[in-house]
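K.L.:
Starting off with a structure, shown below.
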Amino acid sequence: MSMADEDEEHTKALKAKEMMLPLFQKYNFTLKHNKLPIRHSKDDILARIRENPVIVLEGPTGCGKTTQVPQFILEEAYHRKEYCNIIVTQPRKIAAMSIAKRVSEERKCELGTLVGFKVGLKECLSPDTRLLYCTTGVLLQSLINSKTMANYTHVILDEIHEREVDMDFLLIVVRRFLATNSSKTKVILMSATIDSKAFAEYFKTPKKVGYLTAPIISVDRPRLYEVKEFYYDDLDKLRLDFAIDYENPGISSHMYTVAAKLVLVCDRLIENMHGEERMEYKPTVLIFLPGINEIDRMDHVLRETLTRIVNPKEKPNLDIHRLHSILPADEQVKVFRKPAPGQRKVILSTNIAESSITVPDVKFIIDFCLQRVLFTDTTTNFSTLRTEWASQANCIQRQGRAGRVMDGRVYRLVDRRFYENQMRFSTSPEILRCPLENVILKAKLLEMGPPHSILALAMNPPDLSDIRNTVLQLKELGALVQTVKGNYEQLDGDLTYMGRIMAKLPLDLRISKLIILGYIFSVLEESIIIAAGMNEKNIFLNQNSVRGYSQKMYWADGSGSDGIAILNAYIAWKSRKEQAGNESDMASWTRRMSLDLKCLMDMAELIREIKDRLNHVGMKEVSGPGRVVWSSREKTVILKVIMAGAFYPNYFIPMSVGGKELMERQSFTELGGRDPCNTVFFTGFDHEKYIGPLYTVQIKKLLSEGDFSKHQNMKVMYDRTTNRIFVTFLGSNDEHDQRGAFMPGKVHADVYRAIKLRKLGSRNRIMEIRTMRQRDAIEFATEMNLGHWEDANGWVPRRKVIRNAHLSVIPAIHQASMVCQVTNVIHCNKFYLRPEDTKNKDIFMDIHSKLNSRGYRLERFDPDWQFAVGQMVAAPLEEGSDRYARAVLKNYKNIRSTGDVMWTVFFLDYGHSSVLGQSAFRKLDGPLAYMKEIPQRVFEATLSEIQPSAIISPQGIWTAQSINRFKEMTLGKIFVVDVYSVVNDVASVVLKKGDEVPINSELIRLKFAQYAEESYISKLDHDMRERKQREMSLDEDVRYEVYHSSKNNQLKYEEDELEDVSPPEEKLRCKVMLSGPHSPLETTASSTVRSGVMKPVTIENDSVNSILLDSNPQDTHEKMLVGAFVHEQGNRLVVRQASMMPNIPGFGPLMALIFCPTCQMKKDEEETRVVSILTGLGCDKNTGESLFPEHDLALTLDVVLSDDDITEINALRYTMDTILHTDQDQTVPKFGDVSIENLKAKVKQYIIKILEHERKFMDIRHAPNDYDWKLVEENNAAEASSSSKKRKQDFNIYDNAIYPLLPPLGLLPVSAKQLDFLKRHCRELHKLALTDVNLPRHGITCQMCNTILETLPQLRIHLYSKLHRDRESQIKFR
């Protein structure tokens, strides 16, 4: 023995005496052990461990290797009086904790003393712990941090056959440390099913001559029960003449039938053979399927098979359960319960039951031998789940689920020859098919060379192209910079502070980036919650139902964001949890609110872990007096900003076929002029055969899913010309339902729900109503006084006379302006005006004085009077008031506790609503009866061309602050009212008072509102009014005709509002299949990155954005949707965790410019403006070829981008980089809290300035070769903006910037010749609009807006658009 060896032995003896002797005295090391099979191999195992640096131990499940081998080593250390420190890895947290608990019980010591565990943030250990169970990730992180494993005497890696990415990388690290600084540590590799030779070969060690492969020890376990194997070719009695298509893995309809028959065979025949009728309950059938869709299909086929068995004695009593990873915890628990006597449990499971979950009473296994495997295309970063044949190792593992407590059978639904000769022995390692981002970051933290050289040491090294693409993605994310010590490297890059944090967090890197940006933008707490929720499988329940969708809308609170839905749900749960009386209250609340309690608890645990890890890297919320504070509404916008930054370049543009203008025109024609924001339609109803109003109740039932309270808020209309049924949802989107569920924008929540109802079925879901035979229908409808039948016209609905139509106060076509008083304000887009002309004032005062005069006695209604919707009464202006006014009954509600009926009434002369008991109503009879025939004295109005500011109200509804300000400015006051248009009896107006700024403009100036385009139908009406008013000013005859037209039509008719009637059930003998409901506002999304631009896009079904509608149809600028994750299904992209971005013009391009690695501005031919932007990693400086073409993102601009914008964006990018900057020898930024506080305040200042800046609209022009980079002369980063030179001197961070400064625009002024041409062109368009000539066959093009105009009305409407007016303003045309 050499002197060095003697020193080492002496050190070990001292260490053992100091650190182990107290433990030998404290704990019992001579325990009596159980008789597990592995006990017979104990001496051999210990001898091999002593003699070899690495051993491979293979043994079947249940042989005892996981619990006993570490204890063998522990006890041997006691007998040999040696130091030991053992660590054992498990692939799953629950396994590590439960095994540690079991071993501590066997050793009769408290958990956390001699035996402990560590999983994520949960740890149970102490200085005494010598046997530690942990997850693979915990050991890997520990070894990366310490860069040695000499701290451990024994490293035991269990379940290595699973070959997950972390395990493969851990094997690299362990082998590397064995060969360098940890040669004395013993390594034991263990698994139930393992390709032992490959592992033994991988861990071979050099000797004097050649190499020594790691020895393999096999432990056999004599099975107590037999499991017989059967294959598809053994099932002759069940088979039809059908051959499996092995080239295309999947399940045909025939094979579902085979499996269903097999279940029946198991239930009938086998139980007779085994006498199961004598058992307390019948053993379970476990069916392995590849995914949730297949589980659903198998469930359907099984139940259908049962329904076809007529004889009840032959019908099996099956209790069918589903089992998969996203199943709520309370549903998973049912799988483990014993079935009722005489019942047989059938479990339809994914591979979760293969190893993660054990069902004890399984006798029969039906295995389709399929699995769903995740593959990631590293060039696009799109992941896809492929169905493929399982490996033999998987099938053996599945077989092991049976034969635990009784004999069993496994039926493999493949031919024996295929199983034995063509199925792989083991599944391909994850490292070859899954994302490598986390692995490469861990490789960078190891500091042992470039990532590709480290990963080349893997058992199955990934392709170099996959490593290259992953490095490019990490550079795009900001985890790596483009260079290594200043030199560009394609396969490597220096690690940034952002990259270090990403490597420390147990999350997808994009989610980690969301947290980092949350820190920069002062929303760290919220970003952590959203990130943790996105990392969970799904905290929401009932996603495949309209109720679940409504609940998700409720949690999203009008934000249109899945991330914000997670945030709101978690905060509500946490608050409720603090107040809840007991666990059952909490469980029932979460179920009621469609939340998964277990997922929320796991999420809370993960939030604690994330915060703990962030504290270790110096990232925590600043708490000083100067810290940034956001209002709740600002916070919604900022959260969307950081999502746009974190999930760049997953940007999608919602598109309507043919463009916005065409969509608006089509909406108008498809709905017959009805409002697309609250109307849906069905097709397939033949009005010549059927009388629509008889089936109104059925139509409402289809859309209300049994909630009859919703029927009052639906109006059903029938169109004879198109054979369509229209359903309008009453009340606006901002008057949301009691659940508070709504979406951003103007579209009613019930329109979203209606389309969701259709999409939950097939894409063209057919809805059925039952109808009467025509003769019966005519007879019944006539009897009910619903109308009458005409041979020439068919059914004619009942109509009512509108008397005194000439007294209507709704602005007539000749009224350009009027003087009115504001009588009631609901919000800026809904208020009521009463004209102040003498005639109207006299009528109003007459009504008011008589209703409140002692000379007129108001009579009560009889107690048994039947009130009806639409009836006019006299009612007190408010509860308990003695002032009465005319009111119309709108809807009612029965109060069960008191028996009262409460009515919502609308006051016709004031414009407000109230809820009153019917005892408060008085008759309008006798001398007051004439009042029933006078139209209301107020009309509904909306401020024209404005909408809520997207910054203070991202939900698109008016805030309480803006409504209160509007009330202060207007309520009870008199204004000059300029009438823009009247649509559906609602006037779009401008409110003016003397020389003051119009109210519309003032609200924009105060930042409460932003500009809004008027709707297509509003512009149509505006054009018609302007032309008619122009004709009146030029022609006295026209003026006379228009003024007196109303007097010639004193009797007007409208379809009467009919009470809902239901024909007798026995007369509904026919069926009509309807298609719908449909909305003309339905849109699709398109990707903006090169690799996705030609692929159709779907939003995942459980997203709040799974129904995409054009929520602001009048707005012409592009909206943007951001997805956290994107995966491929066939040729289709599926977006998960989607968020609709704020309705701010230019928001998408602004976000791309703020968060992209670099960009290039594309200009028009004259270089007078930027028409599109190209962002990405840039191009090769020599060839001009894109460095990462698949991720290049192109966006066209529809707003004007200025040098001021670039200056502000550069200031923001520089500040973000400053916050994240570390010098090369630093791992954490060295700023004090005050410096960070100031920098974050600057971030707030810059982002608010960028978002609030009002930009002019411009026409969309696509630059040629949108995705091609153009070689340009290198710009010095310091020249990117005038202010950046000073910054560069102050603090040099641009050697490794994540967000380098963008180049200046360098635009040229518009030439005088071009200006002159555009002005002449404008004059020509305005002249043409005044004529009645026909336009050329293919229309004309507005040269300023690049818009084709096919008809004169289109031309006139275009001239009113903000785009055209902004363009006129830019060229100074008057």
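Quick reminder: no glycine exception, Cβ is built from N, Cα and C everywhere.
Per Swiss-Prot, the features are:
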type	residues	note
BINDING	Gly59, Pro60, Thr61, Gly62, Cys63, Gly64, Lys65, Thr66	ATP binding site
DOMAIN	265-447	domain 'Helicase C-terminal'
DOMAIN	866-931	domain 'Tudor'
MOTIF	158-161	motif 'DEAH box'
K.L.:
Under DSSP, is Thr61 (ATP binding site) part of a helix or a strand, or is it coil?
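P.N.:
SS state of Thr61 (ATP binding site) = coil.
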K.L.:
Which Cβ among the binding-site residues (Thr61, Thr66) has the fewest C-beta neighbours inside 10 Å?
P.N.:
Thr61
K.L.:
Determine the most Cβ-crowded residue among the binding-site residues Gly59, Pro60, Gly62, Gly64, using a 10 Å radius around each Cβ and all protein chains in the structure.
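P.N.:
Its Cβ has the most other Cβ atoms within 10 Å: Gly59.
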K.L.:
I need the most crowded of these binding-site residues: Cys63, Lys65. Count other C-beta atoms within 10 angstroms of each C-beta and give me the top one.
P.N.:
Lys65
K.L.:
Limited to the domain 'Tudor' (866-931), I'd like the whole-number average of pLDDT.
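P.N.:
A mean pLDDT of 89 is what the model gives the domain 'Tudor' (866-931).
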K.L.:
For Thr66 (ATP binding site), which DSSP three-state class applies?
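P.N.:
Assignment for Thr66 (ATP binding site) reads helix.
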